[in-house]
Amino acid sequence: MEFPDLGAHCSEPSCQRLDFLPLKCDACSGIFCADHVAYAQHHCGSAYQKDIQVPVCPLCNVPVPVARGEPPDRAVGEHIDRDCRSDPAQQKRKIFTNKCERAGCRQREMMKLTCERCSRNFCIKHRHPLDHDCSGEGHPTSRAGLAAISRAQAVASTSTVPSPSQTMPSCTSPSRATTRSPSWTAPPVIALQNGLSEDEALQRALEMSLAETKPQVPSCQEEEDLALAQALSASEAEYQRQQAQSRSSKPSNCSLC
């Protein structure tokens, strides 16, 4: 006697047996008999969801817990950086000693990355003020502005000390008069920041630097070197001309029979 209303048929296409005590697959939620309830027996397509494996640290052979959906490589890497007790991991931990001070971040870096506003240490991902919610006040001077200010300080220090070329008497020849360039005194560095923004101060410093690099009047030593070079060139040309004349005036020893 059959009871078609009792139990359920096996979902395996090759079986379809009526089982009074059917079993439900916890992966694909299919109904199967006792012979096909295993994942491998009915070729379950959702068996990978139940195949949970715990990765093992390759250095200390300790199982590393991994949250669902998290890549195991990331969990193993964080374990090596923080909790691994092996010698290579501890040696690496001594190198990466600069811990990020942002809340919730455990990244460590080899060098310090200090914020210019709050003077705190952060990792590469959180080094910008917007990435770590910087609480520092004020707008810091950029590196270009600092470089321009340092150049202006160097120009101001060198312009106050008289150079040896200014103290020496000018050697002017009667046929050639040299003009002395007017002395230029750089304004103090404080004037760069007095009432000027950072961009204006940078532009002012660049103009001062370009003014310092203008070509100067040649010195006496340069004029003497130039005259000596011209004299040597003229003597060489005269010697070659005399040699050419002597060769042309020399009689030929060849005779025709």
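In case you wondered, yes, glycine gets a Cβ from its N, Cα and C as well.
Listed features, source Swiss-Prot:
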- CYS10, CYS15, CYS33, HIS36: Zn(2+) 1 binding site (BINDING)
- CYS254: cysteine methyl ester (MOD_RES)
- 141-151: region 'VCP/p97-interacting motif (VIM)' (REGION)
- 254-257: motif 'CAAX motif' (MOTIF)
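Recorded features from Swiss-Prot, shown on the structure.
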residue: CYS10; record: Zn(2+) 1 binding site; DSSP (3 states): coil
residue: CYS15; record: Zn(2+) 1 binding site; DSSP (3 states): coil
residue: CYS33; record: Zn(2+) 1 binding site; DSSP (3 states): coil
- Query: Inside 8 A of the center formed by the CB atoms of CYS10, CYS15, CYS33, HIS36, which other residues of the chain have their CB, for the recorded Zn(2+) 1 site?
  - Reply: SER11, GLU12, GLN16, ARG17, ASP19, PHE32, ALA34, ASP35, VAL37, HIS42
- Item | Residue with minimal Cβ packing [other Cβ atoms within 10 Å] among the binding-site residues CYS10, CYS15, CYS33 | CYS15
- Taking all protein chains shown into account, the Cβ-based neighbour count within 10 Å for HIS36 (Zn(2+) 1 binding site) is 22
